Each structure stands twice: as structure tokens, then as C-alpha cells.
Amino acid sequence: MAMLQLDEDLKKLTQSAQLSNALGHVDNIIDLLTNAREKIATANDPHTTSLTLTKLQNPTREGLEGVNEHLRNVHRAQTKYNKALTAAFEPKDKNLKGPLPTNHDPMADHPQLINRAIAMHLLREGQFGVASTFISEAEPGPEPGASQYQRQTRLPPSTLRSPTSPRSPTPTDATMDAEIPVELQSEALQTAFSDMYSILSSLKAHDLFPAIDWAHENAAELEARGSNLEFELCKLQFIWLFKGPQVNGLPDSSANGRSGALDYAQRNFSRFRHRHLREIQQLSCAMVYASNLGASPYRVIFDTTLAFDEVAASFTREFCSLLGLSAESPLYIAATAGTIALPQLMRFLNKVKGKNTEWTTEQELAFETPLPKSMIYHSIFVCPVSKEQTTDANPPMMLPCGHVLARESLQRMTKNGRFKCPYCPNEGSAKDSKEIIL
Amino acid sequence: MGDHEASKLDYENHLLLEQPFLRLPFELLRKNFHGARYEVERDGTWIKNTLKDTATSAVNGRSSQEDVLKSLDSMISRMRGVKRKLTSFADEEARLYRHEAARVSHLGELYGMHSVDDVKYEAWSRTRLNRLLVDYLLRSGFNDSARMLAQERGIEDLVDVETFEQMSRVRGSLLKGSVAEALAWCTAGDTKKELRKMDSNLEFMLRYQQYIELVRPYTPAKLTEAIKHAQRFLHPYRETHGREVQQACGLLAVPPDRAYKYPAYRELYSPKRWEILADIFTTTHNTLLSLPSIPLLHMALSSGLSALKTPACHSAHPASAAAPSHSTSLALAATVCPICSTELNELARNVPYAHHNQSHVEHDLLLLPTGRAYGKASLDAYAKKSGLQEGQVKDLRTGDVFEPHELKKVFIT
């Protein structure tokens with residue numbers, strides 16, 4: 001609860017230590033001096049002058065002393081707060097003591113990659129104004145006065161990749177679109193994201209048509225991804241019409257309510273007949289219960305309280321996926337994961353301090369960095385024999401009995417082409433085991 | 001799996017990055033206070049002495065009535081000056097108090113959350129990212145973007161635009177070949193004292209550059225001036241910077257057009273020195289204000305990228321690398337992994353992947369003839385979405401459809 005204590009300490013500081021408190025004394029001195037001047041000027045005789053000046057000495061000195069006293073107060077309070085501040089960040093774990101690890105910075109050599117990540121982050125968050133200012137500031141300009149540090153951190157012309165090409169895993173594609181100027185690329189990205197935001201704002205207003213149009217245009221890619229977004233949207237549109245003007249607030253006409261819904265279904269559902277027959281049947285059956293839906297088995301399907309939010313979330317996810325991007329800002333996730341994992345990194349660095357180890361030279365971290373489940377995106381297979389994670393070079397192999405080991409472990413166990421499973425009594429031959437993709 | 005453990009917030013450890021965040025306003029407060037005290041002391045002493053002298057000479061009859069009034073007038077205006085200065089120091093103090101309070105309360109909000117899955121945590125963590133971004137932008141000299149981002153997100157009190165703008169002004173003037181602003185910064189208030197305490201060579205380096213610039217034109221008048229400058233500003237450093245001071249003397253014998261013969265002197269005349277000076281200034285400035293030498297965003301990213309990275313993120317295997325539909329995703333609704341996403345993929349090549357002691361795979365894995373294994377739940381859900389017949393499954397990546405008897409159970413130990 002260090003922060004809450006610090007809050008108290010800060011209140012004490014701000015209330016007691018204010019430079020403005022000394023201003024009263026300053027005003028007093030100004031008054032003393034002005035009055036004395038007036039007196040001397042009016043009397044205009046040497047005796048009064050000497051007397052006034054002599055009498056002025058002590059009060060002025062006291063006034064100045066008063067100012068200093070206030071300053072000393074401020075100083076004392078600041079010293080106290082300084083202690084509180086240090087204490088608030090004093091870690092209980094002695095392995096976390098000491099300054100942040102700044103002597104080895106693996107990010108320092110890649111300002112352009114970081115800038116690209118930031119530009120894309122700003123665009124995906126819809127901060128188009130900031131993004132365009134940032135891109136123009138980070139672009140290499142013809143200013144000879146720019147510092148070396150700043151020149152390093154400027155974007156080269158090819159750092160923002162065209163968002164419409166699905167990303168390929170090979171590093172070579174980063175250079176492929178080198179001829180496309182960065183502005184065009186970020187423009188394309190911006191257009192894409194501003195489309196996304198306009199569709200999302202329609203969804204918020206319960207207008208599903210822009211989203212349905214988008215899903216329809218991209219139906220083939222969506223289906224390949226195993227997404228049924230288009231059907232979900234159409235289904236919601238049907239339900240929304242079905243609810244009628246009292247709920248959806250649309251004009252009360254034949255295009256609304258039950259008849260409107262039926263009409264909509266007839267015009268649109270046929271193209272989903274193959275994939276979603278059962279659900280379409282359910283929706284038609286629900287028509288029978290129209291007058292009493294709340295008590296029918298279909299009430300769950302027709303509950304739209306969360307439906308628009310859910311459909312908006314899956315729309316965002318699919319939209320970003322088709323651009324080859326994750327739905328959440330990777331920069332946000334990485335920074336959050338970074339603060340969660342930082343204590344482990346610091347503990348490790350404190351332990352190996354002085355051994356001249358750079359933690360980034362290894363292929364794998366030497367310590368565990370537990371993250372919440374929501375931040376685990378890939379299957380991770382740790383070989384139960386070698387305790388190593390499987391990789392391209394050492395992939396998981398399934399034995400005939402269904403148990404899985406890393407290939408290197410399996411090779412070590414194999415004698416004359418045969419092995420015994422370490423987890424069950426089965427024996428097998430090396431050629432019967434199979435590389436699998438988890 | 002210890003998942004609960006991993007999402008629980010460990011407040012103190014979670015704030016490891018934040019010390020500079022609260023330190024900076026406080027260091028500025030201190031600097032502000034020292035500035036105020038310096039002014040008050042100087043002017044206060046002057047007033048005290050002047051008043052005493054005026055009184056003495058008035059009593060002794062050495063000064064005229066006119067002299068007395070004149071001296072009183074100057075004291076009054078001096079005191080008004082004190083008031084003006086003190087008021088502006090007090091305003092700055094109020095601004096810094098506001099910053100510090102906003103920050104303490106922002107960090108304090110964390111204590112109202114228990115886990116990183118808390119909805120409030122997401123908003124908090126986004127604000128933190130915006131802070132880190134503004135800090136990064138300011139350090140890179142992208143001041144307009146920084147100011148705009150801070151404004152749009154309403155976090156002006158949580159970032160230090162003014163401080164960094166002032167810094168980049170001084171830095172910029174150095175890069176343009178002028179030491180004036182940097183020297184003013186060095187000698188303002190009690191910065192000089194603080195710099196001496198931390199053994200900074202900034203002031204010396206600036207004076208040295210001034211000297212080089214006086215020698216450069218190589219005219220008799222300027223050379224004389226250079227010698228005077230050296231006597232006044234470089235000579236005092238002969239103990240601590242002996243070599244440089246000696247070199248300075250040597251420089252007098254080497255005009256710039258002949259310096260190419262002597263690497264050491266060529267370096268002194270090099271325009272590169274301005275960049276070195278700018279970097280020394282930045283480092284000194286950051287140390288003085290307890291600012292970390294690298295952007296905090298770098299720190300958060302390097303540890304975050306590593307913690308998130310898996311061998312699959314840069315796999316050459318076309319199947320297990322990230323295609324638009326993600327191959328090895330745990331989540332049913334396949335979202336792209338942040339490391340596989342375009343933004344960070346290249347950047348993450350430079351860090352190790354995370355270490356795991358335990359496997360994290362879906363439950364009830366089934367192997368398809370394609371060599372890919374999926375959880376039963378995912379396969380069922382996908383089959384349902386695709387409208388397959390009862391029991392049939394479809395490979396989530398390749399789209400091949402298989403009959404139930406073609407599947408094999410996978411045992412993960």
C-alpha cells in the first residue's frame with residue numbers, strides 16, 4: 001500500500017510547503033520600504049532620514065528572516081517527502097533492489113521498427129491526427145540540423161508495409177515493398193482503419209448494413225478463416241427487424257417487424273442454407289412463438305442485450321485478422337506483458353550482475369515469465385523427457401501409442417531403430433513415430 | 001497451471017518502472033526551490049547591506065537626501081523583483097504539485113484492482129502505454145506528436161512535455177553550433193553546484209568548444225582572445241582535465257587547414273564534436289533529473305516481447321507460422337498473436353523467446369491425417385460452423401474434411 005501512504009505524505013507536503021507563503025513577508029518589506037521612503041521624502045530633513053533608516057533596519061531584517069524561515073520549512077518538508085518517495089519504491093525483494101537495468105538495451109538499435117509499431121498502433125487506435133503528425137516528424141526530412149540521434153530514429157521510406165497484403169512469415173517481404181513510399185502505405189492503413197471505425201460506429205448505432213456489406217465482400221476470406229461473421233450479422237439483422245418498431249426504433253412499416261424480418265430472411269438466408277441450415281430452421285420455428293417469445297425455448301437466441309457488442313468485437317477481430325494484424329494492439333499487449341514480466345527479468349539481471357551476460361544473446365530466456373492465460377497465443381509443448389520446448393529444429397513427435405516427445409529425446413532413446421515409450425509399456429519403431437503440428 | 005497466480009497483481013512489483021514517473025516532478029520541485037532560494041538569498045543580502053550602508057552614510061551625513069531616496073527606490077524595485085520572481089516560482093511549484101498529485105493518484109488506482117483481467121486494469125494499462133509513448137516521442141524529439149497525443153488522451157499532468165521541450169531546445173542549439181543556451185542551463189541557479197557534485201564535465205566541454213571556435217578562424221585577434229579564454233575558463237581545469245588542457249595549448253600551433261595531418265587535432269576541429277556535446281548534455285540533463293538513460297518504452301518492450309515470444313512466432317515452417325488464420329493458436333476464436341502481427345514481428349527477432357516449464361496445449365487433442373492436432377472442442381465448434389455432418393471434422397488450417405475413424409488421440413504428458 002506504498003502508494004496510498006505516499007498520497008498522505010504528498011498531501012502533507014503540498015499543504016505545508018508553499019513558496020507562496022513567503023510572499024506575505026515580501027509584501028511587508030515592500031510596505032516598510034515604501035512607507036519609509038514617503039516619510040523621508042515628506043519630512044525632507046536629515047534627522048528624520050537617519051532616524052527612519054535606523055528604525056528600518058530591524059523590521060527589514062526580520063522580514064527577510066521570515067522569508068528564509070518559510071523557505072527552510074519548504075526544504076524540510078521536501079526532504080521528508082524525498083524519504084517517503086524512496087521508501088515507496090523500496091522493493092521487499094532484495095533481488096529487485098537497485099536501478100532499472102539500462103546498460104543493455106536490445107531495442108536501441110531498432111528505432112525504425114519501434115516507430116513503425118507506434119505509427120501502426122496510433123492508426124489502429126483511430127488517432128489519425130497524431131499518427132500523421134508522427135509520421136511527418138519521424139520521416140527523414142531535408143533538415144541538415146537534425147541530430148544524429150534523431151536521424152537514427154527517423155523512419156526510412158519503407159517502414160510501413162502495405163496493409164492489404166497478408167503478412168508472410170519470411171523476413172524478405174519487409175524489403176519487397178521498399179518502393180512504396182511510406183506515406184502511401186500509412187494512408188492505405190489509415191483508410192482501412194477509418195473504414196473500420198465508421199463500420200463500428202454504425203454497429204454502435206444498431207445499423208448492421210455497413211458491416212454486412214463488408215462481410216459479404218470478404219466472404220471468401222472469412223470462410224477460409226472459419227468465420228461465420230456474415231451469417232451472424234444477417235441473423236442479428238433478422239432478429240432486430242423481428243423485434244419491431246418498439247424495440248428497434250425503426251419506422252413502423254411493412255419493412256419492419258415480423259413481416260420485414262420474414263422478407264429479409266427470404267432475400268438473404270438462401271446463401272447460408274448450406275452452412276447454417278439448422279440455425280435458419282431454428283429462426284423460422286421461432287416465428288411460431290412470436291407472440292410469446294420470452295417464454296419459448298428460443299428466448300436465448302432473441303436476447304439482443306449483448307448481441308451488438310459481441311458482433312462488434314468479432315467484427316474487429318476479423319477485420320484486423322484479414323489485415324494480418326492482431327485484434328488488440330500488439331504494442332499495448334507487449335507493454336502490459338512487459339511490466340508483468342519485468343520483475344523476473346530484473347531478478348535475473350541482479351543475479352548475474354558482473355558476469356557480463358547479456359540476456360538477449362541466448363535463444364531462450366533463462367527464467368520463467370508467467371503471463372496470464374489471456375496472453376498465451378500459441379500452443380507450447382515442453383518435452384516431458386528433455387524439458388525443452390519444441391522448435392522447428394526439434395519438433396514434437398507422436399509415438400504409435402499417442403504419447404508425444406521432442407525429436408531429439410526420441411533419437412536419444414532409440415536403439416537399432418526401436419524404442420520403448422517412457423510413459424506406457426508400448427514399444428515402437430522410429431519410423432512409426434510421426435512429426436505433428438500442435 | 002498457476003494461471004491465477006500469473007494474473008494476480010503484485011502492486012509493488014508492478015510499479016517497478018514508475019519510480020522515474022514520480023521522481024521527475026519532485027526533482028523539478030527541488031530545482032525550483034533551489035532557484036527560489038538562490039534568488040531570495042542574493043537579493044536579500046543585497047537589500048540588507050544596502051540598507052545598512054545607506055543608514056550609516058545618512059547618519060554620518062555623508063550622503064545627501066537625494067542619494068538616500070535613490071537608494072531606497074532601488075531597494076523597493078529590487079524587492080518588487082523578488083516578489084515577481086517568487087510568484088513565478090510559486091506558480092511553477094503549484095504546477096509541479098498538481099503533476100505529482102495526479103501521478104500518485106494514478107498509481108494509487110492500481111490498488112483498486114486485483115487482477116490483470118479486471119476491466120479497470122485495461123484502462124489503467126492503456127494510460128500507462130500512452131505515458132510511455134509520450135515519453136518515447138519526447139526523447140526522440142517528436143515534440144508535436146507527443147503534445148498532441150497527451151492532449152487527445154487528457155494526460156498532460158502525467159507527462160513532461162515542458163521539461164523535454166526545454167531540453168530539446170538546448171540540444172537543438174548545440175547541434176546548430178551554439179553553446180550559449182547550454183552554458184546558460186549549466187550555470188542557472190544552483191545547477192552549477194549540482195553538476196560539480198556529480199563530477200560532470202559538461203561545462204568544461206562547452207568552454208573547450210568555445211575555445212576551439214576562437215582558434216578556428218586563426219586570426220591574430222581571435223587567437224589572443226582564445227588565449228584569454230583559456231586562461232580564464234580552461235586553466236582552472238588543469239588538474240582534472242590535464243590532457244585536454246594541454247591539447248588546447250597545442251591546438252594554437254595547428255591551423256584547421258593543416259590539422260588533417262594530426263588525427264587528435266583533426267578531431268578537435270571536427271563538426272562531429274557538436275553531436276558529442278549534444279549527447280553529453282542529454283545524458284547530464286537526464287542524470288540530474290533522475291531520468292533513466294533509455295526510454296521506459298524500450299524496457300517494457302524488451303521484457304514484454306520476450307515474455308510473449310514463442311518458437312512458433314518466427315518459425316520457418318509455413319504451417320506453424322502466422323498466416324492470416326493462425327496455426328497454433330490456443331484460443332478458439334483464432335486471433336493473431338501480437339508477436340506474429342506485423343507491428344512487432346521484426347522487432348521481436350532481437351530477443352529470446354520465453355521459457356516455459358509446462359506445456360500449454362488444448363484439452364483432448366486429436367491428430368488429423370494432415371499431421372495437425374487440435375482440441376476436440378475446437379474441432380467440434382468448427383465442424384458446427386461449417387455445417388458438417390455429425391462426427392466429421394475439418395482441419396482448421398487446411399480445410400480438409402475427415403471422418404471420425406481417421407482421428408487419433410494425442411496424449412500430452
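Backbone N, Cα and C define each Cβ position, glycine as well.
Remember, TrEMBL labels are computer predictions, not curated facts.
What you are looking at is a predicted structure, and each value in this text was computed from that prediction instead of being measured.
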Give the range, chosen from A:5-46, A:257-298, A:383-424, that TrEMBL lists as zinc finger.
A:383-424
Mind checking which residues of the chain, 6+ beyond the ends of the zinc finger (A:383-424), have their Cβ under 8 Å from one of its Cβ atoms?
364, 430-438
For the domain 'RING-Gid-type' (A:383-424), what's the model's average pLDDT?
91
Could you give the number of helix, strand and coil residues in the domain 'CTLH' (A:192-249) as assigned by DSSP?
46 helix, 0 strand, 12 coil
